[in-house]
Amino acid sequence: MAEKSFKLAVPDTELDYLRKKLDLVRFPDELEDAGWQYGVPMDAVRRLTARWKEGFDWRAAEAKINELPQFTRDIEVEGFGTLNIHYVHQKTVAKNAIPLLFVHGWPGHFLEVSKLLPLLTSDTGDDPKFHVVALSLPGFGFSEAPKKKAFMMSHYAEVGHKLMLALGYNEYVIQGGDWGYAICHSIAHLYGPKHVKAWHTNMANAGPPTFWASPLLWLRNLLTPFSPADVKGLQQNKIWAADGRGYAAIQQTRPQTIGCFMADSPMGLLAWIYEKLVTWSDNYPWTDDEVLTWVSIYWFSRAGPAASARIYYEFFHKSGSSLAARSTTPFGVSYFPKELVYTPRLWMRTVGNVVFESEHESGGHFAAYEVPEKLANDVKSLCKLESVSKAFK
Amino acid sequence: MPHSEKPFKLSVPDADIDYLRKKLEFTRFPDHPDGMDWQYGVPIENVRRLVARWKDGFDWRAAEARINQFPQFTRDIEVEGFGTLNIHYVHKKSEAKGAIPLLFVHGWPGHFMEVSKILPLLTSNAGHHAKFHVVALSLPGFGFSEAPKKKGFKIRQFAEVGHKLMLALGYNKYVVQGGDWGFTISRNIAYYYGPEYVKAWHTNMPYTGPPTFAADPLLYLQYLVTPLSPQDVQGLKRNEHWYAEGRGFTWIQQTRPQTIGSLLADSPTGLLAWIYEKLIVWVDHYHWTDDEVLEWVSIYWYSRAGPAASVRIYYEYYHDFEASQPPWSPVPFGASHFPKDVFYSPSLWVRALGNVVYEVRHDVGGHFAAHEQPEILVDDIRALCELEVVSKEFDY
């Protein structure tokens with residue numbers, strides 16, 4: 001099916017329905033002085049809910065989103081038939097531009113690319129220039145959701161790759177964090193270095209080298225003492241694993257049960273996502289309308305918010321694929337201090353062919369949205385390397 | 001001054017019933033791709049069916065009338081550091097002489113009505129077995145009891161409420177029974193208030209890890225040299241599966257109770273799915289009627305503090321795990337193992353929990369033993385309390 005241009009236009013009935021639901025909201029009680037200790041504080045949730053019902057202008061937000069050139073097209077996925085995929089596609093006027101696929105995660109979406117777009121497609125300066133494609137993953141945003149179970153990482157990768165080919169990009173680079181990291185890892189493994197000339201992540205996440213998979217790295221790891229930063233970071237990881245992953249635990253085991261909530265309660269969905277926006281970012285000054293736009297994309301998503309949880313289930317149950325094997329595709333990593341997990345630099349070499357690394361003083365999980373210049377610069381630096389840029393001359 | 005006892009009749013305001021109906025009318029269901037069985041969570045056809053009935057067909061007033069057949073009361077209980085909490089409970093005395101006062105403690109997603117089938121059997125004056133006065137409270141933050149307003153309401157505080165309630169009712173000697181959180185709370189009640197007040201405790205969910213040297217060196221030694229039986233091996237394997245697959249709800253409730261609480265408070269459909277999944281997955285071939293399920297979930301929906309309050313027990317327990325594990329107590333302890341409950345514990349390990357004087361492993365039954373197999377559970381409670389070491393404390 002040929003590409004169709006897309007303009008986000010949520011029907012009035014949906015807006016009315018949301019407002020009715022918000023009218024009927026019932027808030028939980030709260031302990032005195034709870035703060036953020038027990039989860040999201042109710043004063044913030046109440047304030048946001050009130051604004052979502054009255055004051056937040058979705059049509060204005062929609063208009064702003066529609067400033068981005070968006071399209072849909074059907075992509076065939078082996079075993080799953082055709083999925084209609086939504087994406088942003090912005091070309092640069094510059095010559096020798098590098099096609100870049102941006103892959104979001106959870107609770108992210110295609111709009112996370114919005115601040116990167118002008119930086120990557122800009123025609124000025126000596127840095128590489130990019131054509132940027134940012135899809136809504138199947139089951140997220142305005143893409144269809146798979147109609148069957150067992151949609152694995154390799155299937156998400158297939159969608160991303162086929163989209164780039166369909167757009168005429170036989171050779172391209174990819175960038176992603178959160179699930180975007182795992183998916184880019186798969187794309188690089190499955191389609192690089194023939195099609196994928198480089199891949200980049202802002203969420204460095206890897207375990208230690210094992211003797212079987214990487215004996216030389218394993219040896220190096222044994223002989224290399226941990227730096228103070230490593231010790232601190234790995235300690236933080238322990239806390240994260242015990243304290244921060246409740247949402248993942250339920251999404252990866254009972255997505256349809258938690259999905260009932262996400263589909264039915266806008267205030268609940270708001271609480272569920274807002275908690276991550278605040279606790280996973282590095283003091284990013286979210287405005288209420290920014291949050292509400294973000295959550296609205298989940299609320300108004302084509303398949304509904306429940307679909308987005310299933311990526312956790314399928315990955316956790318690994319009946320087919322998980323993190324792909326290491327590829328020779330040039331790999332760039334940006335380390336942000338407030339990312340959810342810390343990985344010693346050595347360990348990242350088990351994941352891919354690290355040719356570029358950059359360490360930052362600020363920035364959290366939503367790097368493309370929080371610190372777009374830093375991320376854009378890193379992507380450009382990666383693609384400036386001879387091993388990458390030669391493919392696009 | 002704490003108030004003296006007031007009789008209680010459950011009477012949900014019409015406005016609340018209308019409000020629920022409105023919410024249900026506006027339900028938005030999740031999508032549900034093909035092939036998704038119970039592995040993924042509650043299958044959507046079940047949710048739709050139950051929501052449709054809850055909206056239209058389920059008679060809450062009839063359910064309420066049934067609940068009100070049980071004599072209920074409220075009274076204020078002072079809890080050190082937390083002020084006064086108004087506690088709701090069922091209280092039915094037996095006509096028998098020398099009946100044993102028994103405190104029944106529910107868990108999550110349970111409630112006081114889990115006592116409904118065992119109560120008539122326990123209080124009955126017929127037969128020659130032990131008879132009981134039964135008290136079944138709504139734990140603070142559950143059912144129709146107030147919820148604590150301050151942080152840090154731990155198992156110790158739940159135990160305090162249970163004990164003070166029994167004392168307030170004039171029971172200076174009593175026994176206590178519980179499963180799920182009721183197990184942990186009963187264990188704490190036995191340790192802190194027995195053997196002076198608590199003459200025995202019983203659980204249908206004995207849950208423990210292996211013995212440790214620090215807690216019990218002899219038992220630990222015995223553990224080291226005793227091979228696991230084939231049944232143990234199978235049971236512990238089942239536990240592993242539970243830890244990997246079945247504990248998502250625990251994890252979110254013990255780390256972010258306020259976030260999941262927002263969902264529980266606002267979506268009756270979500271609350272229904274959240275609880276119904278446990279009612280189905282944790283039982284042993286128990287046939288729930290739709291109305292039974294809806295009555296059960298309605299107690300959570302209409303609860304005094306709202307459903308979000310009920311999950312904070314997980315947070316407080318998880319953040320001070322050590323405080324909830326009291327040392328071994330000499331109070332006579334009875335353990336009933338039901339095969340389809342969520343955890344399996346080898347008998348050797350159970351000896352670390354308390355002074356096991358009675359233990360039995362059943363062939364049938366799951367997590368909600370009092371509701372699924374009331375006769376079996378009552379037999380076990382009677383058997384425990386008829387032992388000389390317990391019965392001598394009471395005049396029966």
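Yeah, the Cβs are placed from backbone N, Cα and C, and that goes for glycine too.
Annotations in TrEMBL come from automatic prediction, not curation.
According to TrEMBL:
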| type | residues | note |
| --- | --- | --- |
| ACT_SITE | A:Asp178 | active site, nucleophile |
| ACT_SITE | A:Tyr312 | active site, proton donor |
| ACT_SITE | A:His365 | active site, proton acceptor |
| DOMAIN | A:4-113 | domain 'Epoxide hydrolase N-terminal' |
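The DSSP secondary structure for A:His365 (active site, proton acceptor) is coil.
Counted with DSSP, the domain 'Epoxide hydrolase N-terminal' (A:4-113) comes out as 36 helix, 27 strand, 47 coil. Taking the Cα atom of each, A:Tyr312 (active site, proton donor) and the residue listed as 'active site, proton acceptor' are about 17 angstrom apart.
Taking Cβ-Cβ distances under 8 Å and a sequence gap of 6 or more within the same chain, the neighbours of A:Asp178 (active site, nucleophile) are A:His104, A:Gly105, A:Trp106, A:Gly108, A:Met203, A:His365. In this view, A:His365 (active site, proton acceptor) is surrounded by 24 other Cβ atoms within 10 Å of its Cβ, with every protein chain counted. In the shown protein chains, 21 other C-beta atoms lie within 10 A of the C-beta of the residue listed as 'active site, proton donor'.
When secondary structure is read from DSSP and collapsed to three states, A:Tyr312 (active site, proton donor) falls in the helix class. DSSP assigns A:Asp178 (active site, nucleophile) to coil, not to a helix or a strand.
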